[in-house]
Amino acid sequence: MFVKLQLDASCFHLLGSTKIIPNIGISVSPLEKLESINNNRKQGVVKTPNGEGFKKRFSEVPRLTRGRTIGRHELKKQSLVQNPDREKRENYWDSGGIVKEEEGSEKFRRRSKDAVVKKVHTKCSTKWASYGGCIPAILRALDEVKDLDEALKPWERDLNNKERSIILKEQVSWERALEIFDWFKGKGCYELNVIHYNIVLRILGKAKKWSYIEDLWDEMKVKGIAPINSTYGTLIDVYSKGGLKGEALVWLARMNEQGMEPDEVTMGIVVQLYKKAGEFQNAEDFFKKWSLGEGNIVSGSTKMESALQSHVCLSSHTYNTLIDTYGKAGQLNEASEVFAKMLSEGIAPTTVTFNTMIHICGNNGQLEEVTSLMQKMEELRCPPDTRTYNILISFHAKQDNINIATNYFRKMKEACLKPDLVSYRTLLYAYSIRHMVCEAEELISEMDQRGLEIDEFTQSALTRMYIEAGNLEKSWLWFRRFHLTGNMTSECYSANIDAYGERGYVLEAENVFCCCQEVKKLSVLEFNVMIKAYGVGKCYRKACQLFDSMERHGVVPDKCSYSSLIQILAGADMPHEAKSFLRRMQDSGLVSDCILYCAVKSSFIKLGQLEMAEELYKEMVGFDVQPDVIVFGILINAFADVGCVKEALGYVDAMKRAGLPGNTVIYNSLIKLYTKVGFLKEAQETYKLLQLSEEGPAIYSSNCMIDLYSERSMVEPAEEIFKSLKIKGAANEFTFAMMLCMYKKIGRFEEAIIIARQMKELGLLTEVLSYNHVLGLYAICGRFKEVVGTFEEMIKASIRPDDSTFRSLGVVLLKSGVSKQAVGKLEVATKRDAQNGVQKWVSALSYVVGVDDCEYM
């Protein structure tokens, strides 16, 4: 269980708004942009040679792009007023005091670094302006002027370490950053310390330029620039985010070899690395050993309690990471323990923390904990953000609490939070699978008003909604809306074809297929789902024709194409056609197992064409496709059904030679075979194998054994199986009937009559064969009233009597003194008119036995 949340709001500073940038996809992972540890603790900040704190290493490089800077529109307008000649104006640029004098001239006029530029064509962002001093002008110059000597000439002698760090960090292009870095090195008058290398390593890592990173690392060794904790942290981070987990761990090992212990930020990066790889135990072990300060932190394990009781002071970001890691690993108690530790340390939970805990509790049905967490958010003035509501909407939708999910959507708006794409998509999907058309259309209208794009997954889900709601016209209009934009992908077309095809709307599926063909986006996906649609609609010839047309459209059939068509044809009792496509598939080298051979063989066997099934088996083996137990089981069962002992046992031997163990299906088939040919010993040995199996013998096999025993009047073994089946509640009508026959055969009529009564009490008299056994028993025993009563029940149950029934009734009449000629006349009358004939039998029986005529229909 989760720890109960006993929070004292007075122990935390009141939190302001903690809204975070909405993310596409419901994720409660801690923010990728690392929080500053310095905000939560005063110690542990590694000082660098230029006096910068370690946290600055993790500042993200702003993704500035041309044309997206603030204030550019206003500056352009002002420039147009000063220089009406648009083409000439474009030749002027500002680099913090450098102005081009005239069009085509290579001469420049230097101004003071702080001078005001008259004609401005700026790309300065708010971020640049916030630096103050000469930095904005330098960055503008670097952005506008390709030649570095020209761009940096006004400040060449005055750049300090911090300014060089900012210049490098603000570069968007890794090539430009490397060019500037090389320029600094080439001047020979600048001190380039480890922080500068860290910045460039991070830029190269983001660009995935791994060979450049190795070169820069070698350069550091040559120049004697020793890596610091943050250097290794940077390398571990970029390799991890670049998807190179192994290489990231190599850098961690190198760090360990240097006797350096990762700081908290680096530890968090490694935990995230393991978490993304799904290696939750490794993530947990790494954190535990780090928190205890053990030497070798790359491997090993320790106890969670010890780790949490260590004196390491963690940031809220680290706690969030750990909680999320345990949550994704399904370790609910551990996530709760970390959360409790966070609270006991006086670390105020952030919105991210609450989101993570709500997500974990919600996914595990902990409704009370979710409610408690929401209350604590309110107490701590930590307002829910869009992601919080998205989690709640998703959770309640999955729990089928659609009204509550809708209510949270409304509350989000009331809290002045705009629902994002995730909000709409989550609720739209929930509405679509419940066929809530009106509610879905209302959301769609809102999205259209806000200009929010409906993704393809939601589009196809809504198509299905209209189809399943029986509104084909709206479903088609909905599809056309997206088709006409020209932006639908092949996957989306296939999803829409499948939506129609699964419900048997073949014509509509064909229309979507044609639309896809119009925009020339046909792929193997569309053909595969269209073939499937034809199969559902029983349009088998069309499925074959479509398959044959694939190559004309430049599409090569894949394994799924062949598999779908072959199974469709086999299931439609068209094994010959299926076999033809199976051979083509074999020629294409796409057959890797015997599954499709099984399907086609089963189809032949169903039609009674055992020779064709055998021929296909030989063909399969000839192609070196190894048969499995199922293949042998199908053939053994087929020959067992027709009593072909030699062929069936031949496949049993082949299965043994292949080293395949028998299974219950095989054993049950063999018992069926042995029963038909009367092989008692073999049947007994096989039945023992079934008894030793985990599943145990099937009721059919047990009945077969009772049949074999009753044929030989082996009462005790038959009774043993019968008793076992009754205890399990598995004995059926056939079981009781066989025991009745056995007792009748050996003259134990009392036991037989008891069985007959039990069959009636248990409602196991439903087949004409069972009634005949009971009627025959009563007739032999002279229980004529029971014969008449049973016959009456038989007629009321609409069970049609057969010749065996009338033979038993004739015995009663003959024993009661009726002549053979009279009985013969009754038999002839029944053949001429079954209804009147049966009535005459009842009247005759009632008269001679001395009971009233029954009413029957």
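Numbers here mean position along the shown chain, with the first residue as 1.
Every residue, even glycine, has its Cβ placed from backbone N, Cα and C.
Here is what TrEMBL says about this protein:
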REPEAT    193-227  repeat 'PPR'
REPEAT    228-262  repeat 'PPR'
REPEAT    315-349  repeat 'PPR'
REPEAT    350-384  repeat 'PPR'
REPEAT    385-419  repeat 'PPR'
REPEAT    420-454  repeat 'PPR'
REPEAT    523-557  repeat 'PPR'
REPEAT    558-592  repeat 'PPR'
REPEAT    628-662  repeat 'PPR'
REPEAT    663-697  repeat 'PPR'
REPEAT    732-766  repeat 'PPR'
REPEAT    767-801  repeat 'PPR'
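Among residues of the same chain six or more beyond the repeat 'PPR' (523-557), those with a C-beta under 8 A of the stretch's C-beta atoms are 490-491, 493-494, 497-498, 500-502, 504, 506, 509-510, 513, 516-517, 564-565, 567-569, 571-572, 574, 577, 581, 588. Panel annotation: around the repeat 'PPR' (628-662), residues 593-594, 597-598, 601-602, 605, 610, 613-614, 617, 620, 669-670, 672-673, 676-677, 679, 689 of the same chain, lying at least six beyond its termini, place a Cβ under 8 Å from a Cβ of the stretch. In the repeat 'PPR' (350-384), the DSSP tally of helix, strand and coil residues is 26 helix, 0 strand, 9 coil. For the repeat 'PPR' (385-419), residue counts in helix, strand and coil come to 26 helix, 0 strand, 9 coil, using DSSP. If you take every residue in the repeat 'PPR' (385-419) and average the pLDDT, you get 92.
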